[in-house]
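The annotation domain 'CobW/HypB/UreG nucleotide-binding' is assigned in TrEMBL to B:10-179. According to TrEMBL, the GTP binding site annotation covers B:Gly13, B:Pro14, B:Val15, B:Gly16, B:Thr17, B:Gly18, B:Lys19, B:Ser20. According to TrEMBL, the region 'Disordered' annotation covers B:204-235.
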Amino acid sequence: MGTAELVALMLADGRLPTGGHTQSAGLEPAVRAGLGADGKQLHEVQTYARDRLRTVTRVDAAVAVVARHVILTGRPPEPPPSRVDWSAPGSPSREPWSPNHNPNSRLDATAEQAKPGGLGSGLGSGLEVVERAWAARVSSQVVREAVRRQGRLLLRLAGRVWPGVGEYLPPDGEIARPIVLGVVAAVTGLSAEQLARVVAYDDAQTVVSASLKLLPVDPAEAATWLAALHDDIEKLVADVAPLTDVDKIPANAAPLIDIHAQNHVTERMRLFHA
Amino acid sequence: MPETRSFRLGVAGPVGTGKSSLIATICRELADELRLGVITNDIYTDEDARLLRSAGVLDPDRIRAVETGACPHTAIRDDVTPNLIAVEDLERDFAPLDVVLVESGGDNLTATFSPALVDAQIFVLDVAGGGDVARKGGPGIARADLLVVNKTDLAPYVEVDVDRMVKDAEAARDGKPVLALSRKDPASVAKLKEWVRHMTAQVSTGDHTPVDPGPMAPHSHVGEDGSVITHVHTH
Ligand SMILES: Nc1nc2c(ncn2[C@@H]2O[C@H](COP(=O)(O)OP(=O)(O)OP(=O)(O)O)[C@@H](O)[C@H]2O)c(=O)[nH]1
Ligand SMILES: [Mg+2]
């Protein structure tokens, strides 16, 4: 096994065969909704990547860091005390989303977890708690599905390249990508900082490189945007790397990104999966 | 190999040469005797998946689209994971399937399937692309398991000599089969059917060894003595 530094480089490399070419980190639907103004406001691509670093990507990185911690300490985290019984029938706040309304409701989190190959299907390592904490913070079911699909793609590769990963995750499980990255980091010796940096860099790079396919962008300019995001990436790293507690995972959200994602799945013309 | 493993058959070739139509033909002709599934790799729309679904030749649920992020070449060659997962899910959801057809997004002459994704592949050219395409060669033309010269019914209109084109292709292929096809020519469709049947049997009995056409075209250069040397790099 190589050094942690090299593992980090591999994970950050878009050429690693994990389906990265199918992802735009939500940029495609955002562009369709007007981001970049047909090429007249190209700097919005950078702003979009920064907004993600401050919201959704921050959550992903924190989840990865905590998942890594759970594996390394071997101590399953305490599930957060349930302050409300979310699934209580008739619970008023729950009403509009109640699975009882529609037995096939795709918003039913319980059904999601029961999926074959998903984490709900019996893992003792405590990662379910972290995965559930992640799912609770990602309100779009479409985004959850896309991130879990990406997790499965990575897991498939990671299980072969770093067989230790298989001790913690079921083969071919649809498991949120940050969880899979956290396990890879634990198994290969990546530090929490390196892991958070990989998550952040990968997300920003996904946005920036997708912009080359979606907008009239000069590739060298795109690289300049990425370089200009380094401070934001390091800020994210400093914030999330010390986290060890599931309850401390931030819950930043970007509702517009969720709305775009929901629109994207029904779109007929699309280059990217998400 | 899990019991649900099907014969995975790739269909590649430049844009518009008739890949979707060929898959529709296979489905129409063989859906009664073989359990089929289809994965399409649309470049920009779900047009191919739609076309096949609306052709009514196969249960629409058995036709799934995979996005390729504008990288149809990557999706069948450098990073086949999204396709592989789609194939496996289809095999699982409709187990057991005999054949899963994977349509490439239609790239250039160098795009061929990785052996990690398919067991065999068909490369589709059409007469409208010009009679000299087969002679120009390329990895798919030279080494796909079957080369189809499609839309032969159009040959008179585009002034292409089909026999000539087939001969050129055969010369580039070292004996591997070439099929002149038109959906309007039942005899050619029957030959296509026969080939698919035969390959399905071969793969299921383990008698077929996947060949990788590779991304590199055979190419020629002039040797020291002035003779033309054609070869394929193996490294
Ligand atoms: N005349 C004639 N036209 C054909 C034949 N096969 C396909 N076509 C036509 O060729 C056009 C392209 O066919 P498709 O099957 O969509 O080609 P494709 O290779 O899947 O195209 P892409 O997926 O866009 O790369 C369509 O208009 C078909 O109707 C044939 O045998 N004869
Ligand atoms: Mg097609």
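Counting begins at 1 with the first residue displayed.
Cβ atoms are placed via backbone N, Cα and C, with glycine included.
Between the candidate binding-site residues, B:Pro14, B:Gly16, B:Gly18, B:Lys19, the densest Cβ environment within 10 Å is the one around B:Lys19. Taking B:Gly18, B:Lys19, B:Ser20 as the candidate binding-site residues, the subset whose CB lies under 6 angstroms from any atom of ligand 2 consists of B:Lys19, B:Ser20. What surrounds the GTP site, by Cβ distance within 8 Å of the Cβ centroid and not counting B:Gly13, B:Pro14, B:Val15, B:Gly16, B:Thr17, B:Gly18, B:Lys19, B:Ser20, is the set B:Gly106, B:Val124, B:Asp126, B:Asn150 from the same chain.
Of all Cβ atoms in the protein chains displayed, 23 besides its own lie within 10 Å of the Cβ of B:Ser20 (GTP binding site).
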